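> Pulled the feature table from TrEMBL, pasting it below:
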TRANSMEM  A:12-37  transmembrane segment
TRANSMEM  A:49-65  transmembrane segment
TRANSMEM  A:71-92  transmembrane segment
TRANSMEM  A:104-129  transmembrane segment
TRANSMEM  A:149-168  transmembrane segment
TRANSMEM  A:189-218  transmembrane segment
TRANSMEM  A:230-254  transmembrane segment
TRANSMEM  A:266-285  transmembrane segment
Amino acid sequence: MATLFDINLFALFGQLLVGLINGSFYALLSLGLAIIFGLLKIINFAQGAMYMLGAFIALLALKYMGINYWFALILVPLTVGLIGILMERFLIRPIANEDHLYSLLLTFGLALIIQGVFTHAFGSSGLSYPVPEALKGGTKLPFMYLPNYRAWIIIVSVFVCAGTWWMIEKTKLGAYLRAGTENPQLMQAFGINVPLIVTLTFGFGVALAGFAGVMAAPIYSVSPDMGSNILIAVFAIVVIGGMGSIGGAIITGLGMGVVEGLTKYFYPEASNTVIFLVMVIVLLLKPAGLFGKEA
Amino acid sequence: MKKTNRTLLSAVVSGAIAATIACSAQATTDGQVKLGILADMGGTYADICGSGCVIAAEMAIEDFGGNVLGKPIEMVSADSQLKPDVASAIARKWVEDEGVDAIGGLVSSAVSGAVSKVNADSKNITLISGSASNTFTTKTCSPYNVHWTYNVVALANGTVKPMVQAGKKKWFFITADYSFGHALEGMASKVINENGGEVLGNVRAPLGTTDFSSYILQAQASGADVVALANAGNDTVNALKAAAEFGLTEQMDVAGLLVFTPNAQAMDPATAGGMRLTSGFYWDMDDETRQWSKRFEQRHGAIPSMIHAGVYSVTMHYLNAVKAAGTDDTDTVMKTMKATKPNDFFARNATLRPDGRMVHDMLYVEIKKKDERKDKNDIYKIIKVIPGDEAYSPMLPQCNFS
């Protein structure tokens, strides 16, 4: 066993790094979901569809308008965010006072419709988006070959996640937001436009999914079911991290990436279930999640 | 609001029950030929056998003339959702209540297995065009199974054998973790060992895995000559993407064991160009294939996959047999089908063996590089034609239903 371990130490490092990269992806995706879920109490099942939409818009923008990756990184989240805003204003708001189940069913239905439309229009086989020229190639590390684009993913997601956390937890805007969702009547009495804040928050959360979509386009096949494949795992991550905890979603995202990466190495067959296994254990021991606020 | 929903729900449920009751049971041998096409309308395999499979069957019926035994040929279609239980329920309804004689399309080996079981009990014909597993003519063979297009044996013999014989001895597998992937890996490993090669290791990736980087690292560390992708659809595309990204394609060969034309189109020509694989059909082979494919493309909007062409071919062969036999009685039709050699733009040098395996010429093709392609449909270069007897394994005595 010891020799086996010695031989595989390098391989293990590689797996850890790859896990961390995937984890930063999970963090990026679960962040948007955690904001919408935690602050607005909306269970947005369309988040995966928005992620898919982000990847597709980037692809179509490149193909038909010549908008390159770098502009897409800014323009696509804005577009997807705008779609989110319209969705919140015209579809979710009318049922905002109903049971949470209603928004869940609504967003789930929307996700199915969007996915169906894209399958009809583009087929199920997926399309290919090129890696931007500046991020092609890779670096040879002692234990593995690290593609530059994967390194870029880590840097960007850490930056975006930290920025979002800071904005919500440390700035005045974030304080308004948290207060507005905690006690809307009181905030309204202070002259703050709470519905506007809610709409913008939803838009921001959805925009993050669109952003993750653009980030994913060069490395994964851009296909209509890319969102639904990943959504459930991301939901589990939000639950493990603790609903409502922004920091929890980020840390759990990274952690679960590593856990999944190690599972892919030691027992690949379980790699798509390990996150749910962790979820069950966490829920049994700590029902509010690892970083959950309410007990 | 809640009450309205409940009312609506009960209305739907009672409607569904009423519809089931309304369909009276019919005998299979009623002189009325009715085909059922079961496909994946919105899932991973929708491009290779979704609405395209329905269109291919429609074309066959139209080209046949629309009538047989003096009555118009009927056709129904449904979405299997790739779920064996759904497929099995639909098949039972079709054969028991709606007088369906034969069920075709059938993508995903799990779905085909479920349908084949229903049909074996009710004595209806299963026309498998989309599935890869060789179980339908071996372990679970039945007098009513007809397996067209391809199977894992043909893929392994076609793609793996020439590579091992060319000196690529050490192999590593990235396998889809379900029946099809296991069957393909098992068959390919057998071919490797028989030809003096060696399998160094494997990883079983769950179906629908998006990120293959971890598996690619393991493959890289294995020191193999060839990394074989025993998966299909988006899994293959994503695995190849990761292989290129992590520099694996520069160190080792990657062999996609099952690649359909839409998947080949989704791959980056820079990495997929030069990869060799086995296919049951290529649209641009000769005038005959081009002519049919053009017609198909006009209706479907995309070039046919080998499954689409297979559905047309097997439907035509079935209808011809009904006409020749003068009845839609299952046993008589099966006998006629096996006694006649299939021969059309798809089935070349073909025979339908007593075990239900349709043996025909397979194609060993190479994915074209970017500068070799004239347009988006110009993806394969045919390296050689593999005679059916070399591609498929011999019939098992216990499956000889002559």
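Quick reminder: no glycine exception, Cβ is built from N, Cα and C everywhere.
Bear in mind that TrEMBL entries carry predicted annotations, made automatically and left uncurated.
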> Which residues of the chain, 6 or more past the ends of the transmembrane segment (A:104-129), have a CB below 8 A from one of its CBs?
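Distal contacts: 42-49, 52-53, 55-56, 58-59, 62, 87, 91-92, 95, 217-218, 221-228, 231.
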> Would the transmembrane segment (A:149-168) and the transmembrane segment (A:71-92) count as touching if the test is at least 3 Cβ pairs under 8 Å, pairs 6 or more apart?
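No, the stretches stay apart by this measure.
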> Quick test of the contact rule: Cβ under 8 Å, at least six residues beyond the ends. What residues does that give for the transmembrane segment (A:266-285)?
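Contacts of the transmembrane segment (A:266-285) (Cβ under 8 Å, skipping residues fewer than 6 from its ends): 233, 236-237, 239-240, 256, 259-260.
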